[in-house]
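A.B. asks: Sending over a structure as structure tokens; questions will come in a sec.
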Amino acid sequence: MRPLTFSKMDFSQSNLFGYIEDLQELTIIERPVRRSLKTPEEIERLTVDEELSDIERAVYLLSSGQDIQGTSVVANLPVLMRQNPAETLRRVLPKIREVLHVAGVEMQLTAAVSFLTVLQEESVSIHTYSHSFLHIILQNLEHRDAGVSNAWLETLLAVIEALPKETVRHEILNPLVSKAQLAQTLQSRLVSCKIMGKVANKFEAHIIKREVLPLVKSLCQDVEYEVRTCMCRQLEHIARGIGTELTKTVVLPELVELARDEGSSVRLAAFETLVNLLDMFDADDRSQTVLPLVKSFCEKSFKADESILVSLSFHLGKLCNGLYGIFTPEQHLRFLEFYKKLSTLGLQQENGHNDNQLQLQTLEQEKKYISVRKNCAYNFPAMIVFVDPKNFHLELYSIFFCLCHDPEVPVRYTMAISFFEVAKLLNSDVYTIHKELVTLLQDESLEVLDALVGHLPEILELMANRGENNGSESKLLSIPDLIPALTTAEQRAATSLKWRTHEKLLQKYACLPHIISSDQIYYRFLHRMLTIILTNNVLPVQKAAARTLCIYLRYNRKQEQRHEVIQKLIEQLGQGKSYWNRLRFLDTCEFIMELFSKSFFCKYFFLPVLELTHDPVANVRMKLCYLLPKVKSTLKIPTDKHLLQQLELCIRKLLCQEKDKDVLTIVKRTVLELDRMEISVDAFQKRFYENDLLDQEKERQEHLLLEMEQLEKEKQQTEGRSTNINDKMFEKKRRDSKASSVLAKSINLSVPGSSSGTSAGKEEKKSKLVRSQSFSTQALHPKYSNIDKCPNKSSATGYTSSVSGMGKSCMLSFSAKILCLSCNSLFQMIHSGLILLAVVGMLPSFLVLLLATYLTQLTKRTMEIRRVSPEG
């Protein structure tokens, strides 16, 4: 078989005209094409005289127009009511009532919305509204279409709240008796149920008891389960309206009966209503009536009635805390175990069973089990309250771990949303869930990350503060895991297409200066923010990164690092090759003016900003012109007089040399605005008082950072010197201790014993020598300050008063050594205290240096005394 050969198409000019000629030779079958969407007859029917007023046009369209025109008039009804309410009520509204009898679904839905809008805007009084609109609403309430009927019902329920009691009673409540009868349609009885739930809060308890409760009991016993379900859900509103006494005698028995109904939806509605009304039942009702029903629901949920399982898991937290006071320890444990079982429902248990041994689950069951576990995640904060936060690690941590590692995204998403609530409840024990925070930050789903980021600053602050309260060791262990997780989360958001999540994450990362150290931010986050500004293509993300970078720069504690970042901002953004980067430089300068003091901006960024007046791109010059008023507001006279001159010079050049019309227009407008501005002076002015105070506080904080950096450097230098001095002192103390022991032995030999001395005197003499040796290895205590009195004491205890010259000199040199050592220790303690005061800020640095120099001279002097004292 010969291979197929494909010849290249020649698109030269000659061949191209040849192709066109071939196409022209083709015979194209002509088909009739409709040139317009409407025929002339249809256009004529849709045409309306332009001289008609809005009211006349509305009446004409409702009378002889098409359905779409009538629908537009009904949709425009709120506007007509605002412009001319009297004529609208007199001429337009009657036409709308006539049209609605035969109108389609679209016009009916539009009318329901328009009527509700008129009520909300209060275009007419409530009396006029009830007289003109209420009857139309009630007429269309029982429309054959369920959607239309529900729309009019929602409008009526909103109207009931605004209507006076008498109107509701005569126009709505009285006709309700006949509408709720069994002979009426199903839709009519369902509407009656919802209306009764709404009017229950409108009247006193005795009126509801006499006129509403008989209807309620009748509808609770209706033959249709839809009616019983609907009425059961309205019992909560009715109970709130009649009070606790009638609720106990009337509503609770109905709920108990409905909870045993044959219809699963009725039982579900009864259960949810019971949970919502727990606060209205006393302890006896809870223990004798509600608790047995709840236990029955829990037992049947796994066996015969799984339809209630999802609702039970959703209300379990509220249920457990509502019945907390009546639980026995066994019941408390049983409900806790039930919650644990629901939290892992549908997950494969690691109990040795393989896939073949597990029962196959249908897709519907899997969805139900996922909903159950999601509800358990939603109720997790409530269960912490139920077991007490102190017992969290013992009782609930394993479930917390499982829910945070659940294979389904909705479950982890719910845990991420409730993570902040869990952290607040744990309080000082929040460090125990640090690993789960790292896990959620590294989650593969960006939805989970987005849910967690919402309260990330508060969570990290709780982690940092509580970690300090529980010991610095736990915080130090948590930080190395946390920082990589934060960087990984940002990188994953950056590589995704969900730029809003990335923007939100960068905004929340602005809290990190309050959480981790300045060096960690500098090496792990700050340069990343600069990279995002330079490389990312999404403007909101770039602006978020720029603002966060400025905050990092604001709290950076090393001047070298600050200068490096400022230099990079000017070189890579302000002087960058891409005009897009230069635009971002102006955005960054705007953030700097917001976060830093005026003097800081003028020192580092004022002139680089003015250099952009010569930018070759018109958009950059245009953005600069918009920024110039803010730039001028940073100046202070007379300190920044030279900068003001530079600003005026740049503006004059723009006026004279600018060729772009749009930029020139903005320059002229900016010049007028700059002329109206008043520059603040160094001294405070009344009109700028608040702004000046704020700027002064920013400037004070910036100077404080510089002082702290200087003190830290001095502290490090002083600690280095003190370490060397301590090493030398330790070596000298070691040599002196050896010398003192030798001197003590020489003293013992040179002092003669008394002729009348006893054995007790000798023992006391030995104890004196041992005590004297111990002086040489201890710091001088205040009670030993009068050490020169020791010879007198020795004479009184059996020593002879005649001591040889050698003994005296040895004793004096020994005392001098002890005194020198004590002085050295005292000077060292004072020196350390001065350093501490300097770091705290209680002493200025120059005073500390002066006192340190003086103490050093005293230390040298004592050392000289030590060298002289052994020689006498």
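Heads up, the Cβ atoms here are built off N, Cα and C, so glycines get one too.
Please treat TrEMBL annotations as automatic predictions, because they have not gone through curation.
Sharing the feature lines straight out of TrEMBL:
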- 212-249: repeat 'HEAT' (REPEAT)
- 251-289: repeat 'HEAT' (REPEAT)
- 712-776: region 'Disordered' (REGION)
- 728-738: compositional bias 'Basic and acidic residues' (COMPBIAS)
- 747-759: compositional bias 'Polar residues' (COMPBIAS)
- 829-856: transmembrane segment (TRANSMEM)
A.B. asks: Should anything in the same chain at least six residues away from the repeat 'HEAT' (251-289) have a Cβ under 8 Å from its Cβ atoms, list it; otherwise answer none.
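C.D. replies: Residues 216-217, 220, 225-226, 228-229, 232-233, 235-236, 238-240, 242, 244, 297, 305, 307-308, 311-312, 315, 318-319, 322-323, 325-326 contact the repeat 'HEAT' (251-289) from elsewhere in the chain.
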A.B. asks: Treating G and I as helix alongside H, and B as strand alongside E, what does DSSP give for the repeat 'HEAT' (212-249) in helix, strand and coil?
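C.D. replies: Across the repeat 'HEAT' (212-249), the residues distribute as 34 helix, 0 strand, 4 coil.
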A.B. asks: Write out how many residues of the repeat 'HEAT' (251-289) are helix, how many strand and how many coil, based on DSSP.
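C.D. replies: When I sort the residues of the repeat 'HEAT' (251-289) into the three classes, I find 32 helix, 0 strand, 7 coil.
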A.B. asks: Averaged over the repeat 'HEAT' (212-249), what pLDDT does the prediction give?
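C.D. replies: Over the repeat 'HEAT' (212-249), the predicted model scores a mean pLDDT of 91.
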